[in-house]
Amino acid sequence: MARAPPPLSSLPPPPRRPTVVLLLGLALAFCLAVLSIQSSFFTAPRLASRLDLDSDEVRALSGFQSRVQQCVARRGLGLTADIIDHCKLVLRFPKGTNSTWYNTQFKYFEPLEYNYDVCETILLWEQYRNMTTVLTREYLDVRPDGWLDYAAKRIAQLGADKCYNRTLCEELLSVLLPAKPPFHPRQFATCAVVGNSGDLLKTEFGQEIDAHDAVFRDNEAPVNKKYAKYVGLKRDFRLVVRGAARNMAPILKGSSDEVLIIKSLTHKEINAVIKELPNPVYLFQGIVLRRGAKGTGMKSIELALSMCDIIDMYGFTVDPNYTEWTRYFSPPRKGHNPLQGRAYYQLLECLGVIRIHSPMRAKRVEDWSDIPSREEIRTAHAAAFRLKRHETGQSDQMGPFSNCKVWGTVDPDYGPVSGTPDMSETRKSSNYKKWEVLPFDSLRMEAQEHHVQMGGVSLYKMDGNKLDDLVCVRHERSSS
């Protein structure tokens, strides 16, 4: 039998509605809606304008990515490029590639795919065409704490973490520290960067290498009649690590004009050797590539790009089925991650930074038409630059000085040439300082024009891979 409902008098009273709180909430929501509409009204045109601008850059970069993808497919010896977006892509080696390189630090075999940001890469390397890559006195003078902090990082066995005794640090650096840049952007039209790979013995590149305006070599790689038909005889620049710098006398034997660039540090023992040599010797001033190829070869490309229009690269080939790291003049040895380097070099070729010459391409007639043209690269660089500026909220100022963080000015008579009073008579009587005292009007016309376009300003990297931090030094013109 159904139970009758309780009388109304026995039901609990309905809860009181928080009318005041509810009304306040509605009022607040209404105000926020009005504020949002007003904000949208005033910001929508600016946002739309920015989106339109960004979309233009995205379209330009997407088209460039397609060109890079096609270039990798044609020139990559099996490598393929998968586009992620307008800036990012992945380079992949084919399945079955022999990945035998074991990273003992992180406990894994070398991977077969590598992620790259093309926008970041093209900004970095195109900027290098305007850079100075030799450490100078003007850089240390202009950079904040240049002598106290940075100079100490370039001297081994200093006994302190900073140059508290500047006089001592100047004594240790003076033998290889020019006052101003001894080399200039656009100084050479064509340059060859010659590595040490055993693949060089498979093709006779010697005459082709020697035909370049300047040749860059690494560490202790020999240049003699035995290997002349493979690697040539021309010797202009040599980039060495500190260990090889200790043996620079036998390395440089036979060429008093070959310029030696020490990649990392100097110290008393190296300085003692320099004082006996007739060769120009300097310290490298560059960047740290954490996601690119490793080793002295990559630094040689950086060095060459700061002086040369076209860079041809020999002796860095890695066959996809490599089994060991080989050198043309000695037994196989431990080296750097070959596949990572091979992938990055291929990316650089398809960005117009280098041209790779390989025994695996020897039977081909070299045709560079599948590499993006300089005009395409300039367009992509401008798009990447503007996009980066908008993303970081910076101004649209274009030009080579937009990333200058520190400015300085030096007069025409600034600073001494490199050297010390206790150098040997061999060095004092040599022509080691010829690049430092080279008359401006003897430079290649393109180098002179670039200098004028830059307003006599030299650009230096400040720290690591940061694209936005440059030390910029303006050289005042002589009144005569």
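Including glycine, each Cβ sits where the backbone N, Cα and C put it.
The N-linked glycosylation site annotation in Swiss-Prot covers Asn98 (among others), and the record cites sequence analysis as its basis. Cβ contacts within 10 Å of Asn98 (N-linked glycosylation site), excluding its own Cβ and spanning all protein chains shown: 14. Asn98 (N-linked glycosylation site) falls within neither a helix nor a strand when secondary structure is assigned with DSSP, and so counts as coil.
A sphere of 10 angstroms centred on the C-beta of Asn130 (N-linked glycosylation site) encloses 19 other C-beta atoms. Asn130 (N-linked glycosylation site) falls within neither a helix nor a strand when secondary structure is assigned with DSSP, and so counts as coil. Taken from Swiss-Prot, the feature N-linked glycosylation site applies to Asn130 (among others).
The N-linked glycosylation site annotation in Swiss-Prot covers Asn165 (among others) and rests on sequence analysis. Other Cβ atoms within 10 Å of the Cβ of Asn165 (N-linked glycosylation site), summed over all protein chains shown, number 12. In the three-state DSSP scheme, Asn165 (N-linked glycosylation site) falls into the coil class.
What Swiss-Prot lists as N-linked glycosylation site is Asn321 (among others), and the listing cites sequence analysis.
Summarising the annotation, Swiss-Prot assigns topological domain 'Cytoplasmic' to 1-17.
Taken from Swiss-Prot, the feature topological domain 'Lumenal' covers 39-480, and the record attributes it to a curator's inference.
The transmembrane segment feature in Swiss-Prot is assigned to 18-38.
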Worksheet, complete the sentence: Taking only the CA atoms, the spacing between Asn130 (N-linked glycosylation site) and Asn165 (N-linked glycosylation site), expressed in whole angstrom, is 33
